[in-house]
Amino acid sequence: MTPPVATDAAFSHSSNGVVLSTSVDPSGTVLVIGSMTSAQSGAYQKAVEAYSGRQVEMHMVDRLTDGATSLSANTYPLAHLAVNYAEAASPVLLSSLHSALQPKAKLIVEAAELVDASTAQKVKAELIIAGFTDIQVDVATGSVSASKPATASSSFSIGSSSGSSSALPLRRKLGSGASANAKKSLWATQPASANDLIDEASLLRDADFVATTAVKRPDCDVGAGQGKKKKACKGCTCGLRELQEEEKRTANTNIVQLDTDDMDMPNADTPATTKRTEVIETIIGKDGKPKTIKRIQVDTKGATSSCGSCFLGDAFRCSSCPYLGLPAFEPGQKVEIPVGMDDDI
């Protein structure tokens, strides 16, 4: 069947009054793209009939987006899309159309649906990305029109499924050989040779080998060589002074001194000949409750035992010796037992 001859009248307007460009080839083939929805509603057939005086090439949108059909490059002076805006905004479809249209060609989208602000901006953005210019949105008719630039260099299409595109290639800027080698050595995980290893000693300064000394506060009166036990400063705020005062108070009060009567020594002196002093005191325990303790001071001078070696230490004491567990002492020395050794005292 011979296609109808193109006329200027058929090319000057579309079915719903959209004025078309007459600067393109009036005898070229018009590309009409439809969908299943537009075919069922009759919009696809109506768009084809609008160009009855021209040669029309018809395609379904899903065939183009799926890559089943390819379009010839720089062939069509006009493309008419009878699809909805979701299908028309497909980057694959718009890129393919941009490659297939001639310079200064016209693209018309008739979705037969209302165009709101968000939909129009989305379609317009996709058309700009694909490389189209002179984009116009007709809210009353629900149509969008755009043009392909006169020169291919003004397009920055993202590519098409047919493999032919007028998009500008993105070329990687090659650096010099020295910069490439420097970058390669920067990301290298292994040194090129053993000479590249850094001597750790070279990273140290002379001052790093000198032992550091602690910083001393100006009001601290604790000097070096005063013994292992630390003395609290004059203005102590760390609690050391309170701990030392508590230790001193406990050492002076929580002591029980044995009498010779408690020593169970067969040859020990009788109480009449032994000096004995008893002191009863009330102290506050760690649990906050008052406790009554008895301090007994006994002069062990002249005290003897069956073995006579109790003062030498546990190695010379029998199992019933009252001095068992105490350090060695001199004969006649006061024997003191801390309260902490027996909770019942």
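Including glycine, each Cβ sits where the backbone N, Cα and C put it.
Per Swiss-Prot, the features are:
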BINDING   Cys220, Cys233, Cys236, Cys238  [2Fe-2S] cluster binding site
BINDING   Cys307, Cys310, Cys318, Cys321  [4Fe-4S] cluster binding site
REGION    167-210  region 'Linker'
REGION    220-238  region 'Fe-S binding site A'
MOTIF     307-310  motif 'Cx2C motif 1'
MOTIF     318-321  motif 'Cx2C motif 2'
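Cys236 ([2Fe-2S] cluster binding site) counts 14 other C-beta atoms within 10 Å of its own C-beta, drawing on all protein chains shown. Here the binding-site residues are Cys233, Cys321, and the one whose Cβ sees the fewest other Cβ atoms within 10 Å is Cys233.
Cβ crowding, taken as the number of other Cβ atoms within 10 Å, peaks at Cys318 among the binding-site residues Cys238, Cys318. When the alpha carbons of Cys236 ([2Fe-2S] cluster binding site) and Cys318 ([4Fe-4S] cluster binding site) are compared, the span between them is 48 angstrom.
Between Cys318 ([4Fe-4S] cluster binding site) and Cys233 ([2Fe-2S] cluster binding site), the C-alpha separation comes to 47 Å. Rounded to the nearest whole angstrom, the C-alpha distance between Cys233 ([2Fe-2S] cluster binding site) and Cys310 ([4Fe-4S] cluster binding site) is 42. Around the Cβ of Cys310 ([4Fe-4S] cluster binding site), the number of neighbouring Cβ atoms within 10 Å comes to 26.
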